[in-house]
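Q: Once you've had a glance at the structure underneath, I'll fire off some questions.
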Amino acid sequence: MIKKASLLTACSVTAFSAWAQDTSPDTLVVTANRFEQPRSTVLAPTTVVTRQDIDRWQSTSVNDVLRRLPGVDITQNGGSGQLSSIFIRGTNASHVLVLIDGVRLNLAGVSGSADLSQFPIALVQRVEYIRGPRSAVYGSDAIGGVVNIITTRDHPGTEISAGWGSNSYQNYDVSTQQQLGDKTRVTLLGDYAHTHGYDVVAYGNTGTQAQPDNDGFLSKTLYGALEHNFTDVWSGFVRGYGYDNRTNYDAYYSPGLPLVDTRKLYSQSWDAGLRYNGELIKSQLITSYSHSKDYNYDPHYGRYDSSATLDEMKQYTVQWANNIIIGHGNIGAGVDWQKQSTAPGTAYVEDGYDQRNTGIYLTGLQQVGDFTFEGAGRSDDNSQFGRHGTWQTSAGWEFIEGYRFIASYGTSYKAPNLGQLYGSYGNPNLNPEKSKQWEGAFEGLTAGVNWRISGYRNDVSDLIDYDDHTLKYYNEGKARIKGVEATANFDTGPLTHTVSYDYVDARNAITDTPLLRRAKQQVKYQLDWQLYDFDWGITYQYLGTRYDKDYSSYPYQTVKMGGVSLWDLAVAYPVTSHLTVRGKIANLFDKDYETVYGYQTAGREYTLSGSYTF
C-alpha cells in the first residue's frame, strides 16, 4: 500500500528541476502537478530518464532518448539536426508540450510544435515524461502529453568527454560543478558537436533536380548556473544557456533559383527564481526570457539575401507556484503569464505580433484509505481568442495491496500558431483545438514484475485544417484516437529488462482514414547487464506500418510504409575510477527504412567515446 507519510514529506514545488537520479517508485517528480511528489502517487503514466540512463544508452540526440519511451513515435527528415516530429499516443506533433526546466520551449511558438532535433543533448540531465492531458495544469499544447527536460545537475566535480563516429561525427564536452562556500554552487558547461551527415533525400522527391550532397549538422553550446541558499528555507538561482546550430538539408529546388538548403539557429534562454521551502507551505517565483533567430538561406547568397527567411521570437514568462500540505495530500495554486513577440516576416507573417496569455490554475491530491484522488482546473485568458477553461480528474483504488485500478478524464486544448492566425493564408478568427480524453488502467507488482496496462480514447475537435478551395485555415477537422499501452520492468539474475507495447488507432473522424506518420504498433525492449566490469546494453524497437504522402508529383498520393525491427548494441568499460570508455553500434543489422516518405535514415552507425572525471 502507498505510504501516506512519504507523500506528506515529499510534496513540494521547490523546483521543476528535481535532482533525484533514482528511478524507483519513490523517485520525486515535479512535472505531473507542479509539485514534488513520489512517482508512485502520480496517477498519470509517468516515465523518468536520468543522465545515467542517457550515458548508458550513449544517445547523441534528444530524439534518440525519447524514441525509447512508451507512447512516443519519432519521425525525422533524415539524420542529426534534420526536422523532426514527436507524436505521443497518436496525437499531432503540435499536441505535445515541451518544457525546459518547467518553461515552455520558445521555438514551438513559431511553428506550433517542438522540433527537438535542435536541442543539445549535452544540456539534458533529466527527462520527466507524462502521458495524457495536462492542459488543466499547463495550458495550451498539453493534449498528448508533457515532456519536461531538466538541465539542473547535481554532479560535483569536473568531467571532460570526447566522442567520434560514423559520418565524421565528433563531440567534445567539458562541464564542471563547484561549491563556493557552504551555500553557493556554480555550474558551467561547454559542448561542441559536428557530423558531415549523409544525403538524406531519396532522388525525385525535392523538385526537378536531385541534390546529391551530405546534409551535416553543427552545434555549439554554453551553459551556466548559480544557486544559493540564503537560509534553511529560502533559496534562489540564476541560469542561462545558448546554442548556435547549423543544419544542411535538401529542399525543393528548380534550376535558376536560389537553393535555400541551410538552416542557422541562434537560441538563448535566461531564467531566475526565488523559492520558499517551509514545512507545510512551499512557494516559488520564476521569471524567464528566451530569444531565438532561425534563418533558412542559400549559403551562396547569405542569410541577409532576399531569398532567405528569418523566424525570430522573444518569449517572456513569469510563474508563481504555491503548495500547501493538507491532510494526506496537498493543494496547489498558481499564476502563469507569458508574452511571445515575433519580428516582421516570421512564419511568413508580414507584420510582427505580440500574443499574451495569463493562466490561473488549481491542483489537488488527497489519499483516503485505499483511494487516491487527483484533480486540476485552469482558466487561460489569451489576447487572441479570449478565455478558455480546462479541467481533469483521476481516481486510483488499491483494491489489493500492490495492485491499483486508475480511471481518469480530462479536457485539453491547443492554441492556433501565428502562421495560422496572421500568415498569407491565415484566419484571425480561429478557435483553439479541443480534446476530451478517457483512460482506464491496472498496475501492480507480480512475481517481481512491475507492470501497467491501460486503454484510452481521445476525441479531438476543431482541428485546424487548410482549405484548398478558400485558401484559408479553418476549424473543420476531427480526430478519434483509441489505444492500448502496456509496460513492464523486471530483473532476472544479473539482467534488467524494460519492455513496452503500444497499439494506436489514430483516425480522421470525418473520413475514417489513418492519421499520417503514426506507427500503428510499437514494441520497445531494453536489456542491460554487467559482465566482468563491462556494462552491456541491447535495445530493440519494432516500428509498425504507417502512412504518409508522396509529394513528388501532383495530385499527392497516400503511400503505405512497412514496419521495421531495429537493434542497437552498447558497451561501456571503466578503465579506472575516473576514466570510462564506451562504444555503440546503432541499427546493428543496417535496416533500410523511412519514418518520413522520401527521407533516408542513416543505416548502421558506430560511435566511440570516453569520459574523464575528477
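Backbone N, Cα and C atoms are what each Cβ position is placed from, and that goes for glycine too.
Below are the features listed in Swiss-Prot for this protein:
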{"type": "BINDING", "residues": "Leu83, Ser85, Asn92, Val110, Ser111, Ala251, Thr309, Arg517, Tyr551", "note": "cyanocob(III)alamin binding site"}
{"type": "BINDING", "residues": "Asp199, Gln211, Asp213, Asp215, Asp250", "note": "Ca(2+) 1 binding site"}
{"type": "DOMAIN", "residues": "155-614", "note": "domain 'TBDR beta-barrel'"}
{"type": "MOTIF", "residues": "26-33", "note": "motif 'TonB box'"}
{"type": "MOTIF", "residues": "597-614", "note": "motif 'TonB C-terminal box'"}
{"type": "SIGNAL", "residues": "1-20", "note": "signal peptide"}
{"type": "TRANSMEM", "residues": "169-178", "note": "transmembrane segment"}
{"type": "TRANSMEM", "residues": "184-195", "note": "transmembrane segment"}
{"type": "TRANSMEM", "residues": "217-227", "note": "transmembrane segment"}
{"type": "TRANSMEM", "residues": "232-248", "note": "transmembrane segment"}
{"type": "TRANSMEM", "residues": "263-277", "note": "transmembrane segment"}
{"type": "TRANSMEM", "residues": "309-325", "note": "transmembrane segment"}
{"type": "TRANSMEM", "residues": "328-337", "note": "transmembrane segment"}
{"type": "TRANSMEM", "residues": "353-369", "note": "transmembrane segment"}
{"type": "TRANSMEM", "residues": "434-443", "note": "transmembrane segment"}
{"type": "TRANSMEM", "residues": "449-458", "note": "transmembrane segment"}
{"type": "TRANSMEM", "residues": "585-596", "note": "transmembrane segment"}
{"type": "TRANSMEM", "residues": "602-614", "note": "transmembrane segment"}
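Each of the listed features needs to be described in terms of its position in the shown structure.
A: There are 17 other Cβ atoms within 10 Å of the Cβ belonging to Ser111 (cyanocob(III)alamin binding site).
The Cβ of Asp215 (Ca(2+) 1 binding site) lies under 8 Å from the Cβ of Gly78, Gly79, Gln82, Gly197, Tyr198, Asp199, Val200, Val201, Thr247, Asn248, Tyr249, Asp250, each on the same chain and at least six residues away in sequence. In the three-state DSSP classification, Asp215 (Ca(2+) 1 binding site) falls within a strand.
As a summary of secondary structure, the motif 'TonB box' (26-33) carries 0 helix, 2 strand, 6 coil according to DSSP.
Listed as Cβ neighbours of the motif 'TonB C-terminal box' (597-614) (distance under 8 Å, sequence separation of 6 or more from its ends, same chain) are residues 55, 58, 60, 76-79, 82, 157-167, 169, 171, 198-202, 205-206, 548-552, 559, 561, 578-591.
Counting same-chain residues at least six beyond the ends of the transmembrane segment (169-178), those with a Cβ under 8 angstroms from any Cβ of the stretch are 60, 80, 122, 153-163, 185-195, 223, 605, 607, 609.
Remote same-chain residues near the transmembrane segment (184-195) are listed as 60, 79-80, 120, 122-123, 152-153, 165, 167-178, 216-229, 241 (criterion: CB distance under 8 Å, separation of at least six residues from the stretch ends).
Within the same chain, residues 79-82, 118, 120, 122-123, 151-152, 175, 184-195, 197, 235-248 sit at least 6 positions outside the transmembrane segment (217-227) and bring their C-beta atoms closer than 8 Å to a C-beta of that stretch.
For the transmembrane segment (263-277), the residues of the chain that approach it from at least six positions outside its boundaries are 12, 14-15, 81, 100-101, 103, 106-107, 118, 233-249, 283-297, 303, 317, judged by C-beta separation under 8 angstroms.
Sequence-distant contacts of the transmembrane segment (328-337) (same chain, at least 6 residues past either end, Cβ-Cβ under 8 Å): 4, 7-8, 11, 13, 33-35, 139, 317-322, 356-368, 373.
Same-chain residues lying 6+ beyond the ends of the transmembrane segment (449-458) with a Cβ under 8 Å from its Cβ atoms: 25, 45, 89-91, 132, 143-144, 406, 435-443, 479-490.
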Q: Given the model, what does the mean pLDDT over the domain 'TBDR beta-barrel' (155-614) come out as?
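A: The predicted confidence over the domain 'TBDR beta-barrel' (155-614), as a mean pLDDT, is 93.
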Q: How far is it from Asp213 (Ca(2+) 1 binding site) to Ser111 (cyanocob(III)alamin binding site), counting Cα to Cα, in Å?
A: 27
Q: Using DSSP and three states only, what is Ser111 (cyanocob(III)alamin binding site)?
A: helix
Q: With Cβ-Cβ distance below 8 Å and at least 6 positions apart along the chain, what are the contacts of Asn92 (cyanocob(III)alamin binding site)? List them in sequence order.
A: Ser113, Ile143, Gly144, Lys414, Leu463, Ala479, Leu515
Q: Please classify the secondary structure at Asp250 (Ca(2+) 1 binding site) using three-state DSSP.
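A: Its secondary structure by DSSP: coil.
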Q: Please list, in sequence order, every residue of the chain apart from Asp199, Gln211, Asp213, Asp215, Asp250 whose Cβ lies within 8 Å of the Cβ centroid of the Ca(2+) 1 site.
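A: In sequence order, the nearby non-listed residues are Val200, Val201, Pro212, Asn214, Asn248, Tyr249, Asp261.
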